[in-house]
């Protein structure tokens, strides 16, 4: 079943054509990787999915709902979560708070004037958040201030913040960039485990090791257009892809 | 028609003053990222450089005549400035030019003060939240003005412009109006050209010198410049000193228009912030255009014809314009994204 | 506040706070602040700062025009006195309604921008209100002289003209001046503190901290930041409105100068001085500034000579003249120095100072960084 | 009267520490009874001294004026206690004071800062009443603040002797039984100026008003316009300017071509200094309009304003309550006494505050009690002389003093830096007296 449909999306920045008639179809339960050289428009495309950018033309639908013009929080509320290239977390709050906030957002919706309850009385939410922290291996740091985490831990925290919401579609913008090999492998394991929950994922990634360990389908973006699409093994051998990368990556 | 020309002239004149006062403030915002609530106090210190200079050169020789008694019971004193006693007519001329001459005092003094202030205080607040910058600079402003008050008192101290530019001049005759219709104070015209000159120099300095290029690069991206091995810190100190000097010069030259008192900085503080924000944080051209825009609009809003239709409009025009501009243009006229938005 | 925050510790804090406030006439008397008017001001400005802190301390939005709600609350209360009579309850209701409406309107527009742009928008609205109230709105505000209750006002519930006594607000026959006025304000301060405490510990409060921390993440987490900030803005506006209403209740007069930018700046200073984002800090800051304003300004040469009379004359004269720079007409200087000293050495305000002191006494306790609840981290700031 | 009002009898902060326990322990029943008809708040009967409160602007634009007021008050207290040369106690007629304090009690005082803000002034006054136990307070430099304190005085039952306040409202629509004003007002300024303006500028003039946009400005504009229109002058325009505008050029520029030949500045303090300085810079004084010299009038003058405006005041007409150059015995005695204490002559603000303090003290002495109801009656319709303004009446109907008004102009040949104003004419009090009914208002009860 198709979960996300992108058709004929165009986006210009001044004279630069960032996205040129992009078409994409993401199937439920798949891990769909988007690869391509720097400046190919990968992040721009992701921004069009979450309401950060509005395409000049074309349509983006998620489970039949039009995403264009919708606000970021509305898009999240219908089941799309995103991990950023540089982790976006609540830096001055504790790890536990960082997880509890998305948990509450899932339960109470985009706004709730819940000023009379006590956070420390929210047993169920708290347990769920603690559980999530354990899942990503941050449980013993739950009382720490998020800004004091290492970069890798911050990424894991952000991932946990998205996962705790049980999204239908998870967008990952270079989830392992800047991580050590060991951390990268941990993250791959983690993402695979999520796969078992049936969360559809779109991954932007440079690291082909990550791409080929995770992806069930790959789209290659170059200069704003999709130049190739298919299963990992097909893409590996595609000459257009190799040309696009000019041997710059270990394909 | 002549009324409108007069108000445009007045608006330019006001705008020049606003732009000049806001210039240093926006320079500090843009380069150092510091919200400087002591900027009004720097303006006031500049004005008091003129007062102090005048005090010094008009130090009086006091001749006491014990045979005559004043009404309040003290011996009669005859006072003559030393400078006139020593230099005669030259001394009188120097006294007459006290305000422009005090620039000579204000430039080194304000540069030094800016340097000390940045090294001693501001530097430690670059990374601190804006709220704390506000508190510490506001505290400094109060301290400065109280020191000035304890020495000079609270009452305004008049400073006269030199005789040659003290009166008004008939500008209308130059552009074909009837004599006596477009008459404008000469000192205000001097001030307008002075502010244009200072604004121009600051722009030229930033545009055409290597120093200026580094500072502009630093305004755009501080970390990168740091990576290039350039000591941006020291340059920022100088930028702060220059900003203090610009504020001080604005103050010196403003004294004949507005007799200075210790509180004048606070009176200008809010206004200069509005100008800077309407122009867009950290944008020099923005601050200058906002200064002129607000000046001209304020002049027009004060016209009787306008006030009869919209009573009280002259009282709120500055703020009303600020609200409208900020709603239409989120970062003011020329602000950059992400500056002072958190 | 370094220990774990629990419902129990909050209750303890609330009870201690209540006792401390109610006993203020006793323990403030030795430092010369135990007289009704200043006690009322402590309570009222404490409430004002408490409300401001809900906006600024939690969301980080620095309103530079918050005094407008203080002014609106005062005007609304005095109009209630004029129209309905001297009962403080309808007056406070008026204050709440009007300050909430103003806050809703101003917040709706100003919150479209953030950072310094937000600050300037709020400042602009407050200055417009102040300038208009002082001049062209005189029929509503009575301009410079200030709005007062007159014998000729309708006062529907009191019955006009039947009462020729002084026009003082009364609740069930109790005059809202003097110590009874203070206790009325104190009760509202305690209620305000309770509400503030609940908000701090609630999911709503956590969301407000999230706004301060990272708005981007918030919206990608499915939370709409605008209603959160607007709700915080209105709540804190209503706190200010009630404070303004109380100013009118204890002294039935409302003047435009309450809305001037200096008044808005004052509450910012109170909050930061005490410690923004902490529960008690803003109240301490408010108390300190009001104490300076009323007590330090009252010293004069005569009182200084009396204080230093134990010194020999040779020393006394210079000591008095130096001390004179900082009190009486120089009290602003002391205030300015205080701001600088606090912010340079105690970035977290007075509360940080208190925390450091309490740390010295409790070195043996475990590190505070690993608290198990989110709230303690913020409360310990 | 409610049971909740308790008079607090602590005199000074210094003693507060020791005394606080006692005060709190005072049984309510006693204080309740103490608040009977013959008693009053802060009754000093059982004390060896009485305390006055001097509430003056110590911060803000009027701080220097406040400082001068405070000097005068300190001098007045000295004289009342029999120290110094006695000043106007030597010239005051009739005189009941004996130089031994008041009713045998030594006079002490406390001070406070009004900040020239109503709220701050009332807070400071309440401190004096509630904490320091003052029996009277005085001071101030602005009408709004004076009116705010006056109504507080009525609520508190403590007499307030106004400092410098010039609005008609103070003793007009906002008059209070517990408030008294020695200073003159806008109406009297207008009435006094009229004849002089007629003599100096003729009957055919066109006047342009710039008016500070608040109540004092409006009452002065009205009073002056009534006078000048009575002379046959035409009023070209009345323009309201924001308080504290700083730069008034946008309001002054249109005057040039309005056809007016007189500019009337209804500004006070810094506003007046700025608008006058700027008007002169616009060349208005050098202008010839309709064949006449353009003139500027500043209806209310003070020495501090004259100092602030410097050269620009030369030849400009206005009125003042008192000037140190007056040659009557009272003025001479006061100037000498003040000058010897502080080294320079007093301002009109200092004078009015000094006189107010003496008048209050004298009224207590005459009433034989500090009970405000009796003191007020002693002040009402009291006639006196020798206080620098000639024979004066404290009118009971509105608590306004009626005395001669000085029309002055900026001195063109000053002999010293204090010699700024030249007295042109002393308008006799009969010419400035008016019917109290014209301003309405209600004084309120004697007992509160």
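Cβ atoms here come from the backbone N, Cα and C positions, even for glycine.
What TrEMBL annotates here:
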- C:12-35: transmembrane segment (TRANSMEM)
- C:42-69: transmembrane segment (TRANSMEM)
- C:89-109: transmembrane segment (TRANSMEM)
- C:116-137: transmembrane segment (TRANSMEM)
- C:181-200: transmembrane segment (TRANSMEM)
- C:227-247: transmembrane segment (TRANSMEM)
- C:267-292: transmembrane segment (TRANSMEM)
- C:304-327: transmembrane segment (TRANSMEM)
- C:333-354: transmembrane segment (TRANSMEM)
Where among C:42-69, C:89-109, C:227-247 do we find the most Cβ pairs under 8 Å to the transmembrane segment (C:267-292)?
C:42-69
Region pair the transmembrane segment (C:89-109) / the transmembrane segment (C:227-247), three or more CB pairs under 8 Å:
yes
Out of C:12-35, C:42-69, C:333-354, which stretch touches the transmembrane segment (C:227-247) the most, going by CB pairs under 8 Å?
C:42-69
Are the transmembrane segment (C:42-69) and the transmembrane segment (C:304-327) close enough to be called in contact, which here means at least 3 C-beta pairs under 8 A that are separated by 6 or more residues?
no
So which of C:12-35, C:116-137, C:304-327 is most in touch with the transmembrane segment (C:181-200), counting Cβ pairs under 8 Å?
C:12-35
Can you work out which residues elsewhere in the same chain, 6+ from the ends of the transmembrane segment (C:12-35), have a Cβ less than 8 Å from its Cβ atoms?
42-43, 179, 182-183, 186, 189-190, 193-194, 197, 279-280, 291, 294-295
May I ask for the residues of the chain that lie six or more residues beyond the transmembrane segment (C:333-354) and have a Cβ under 8 Å from a Cβ within it?
269, 272-276, 278, 280-281, 284-285, 288-289, 292, 296, 325-327, 381
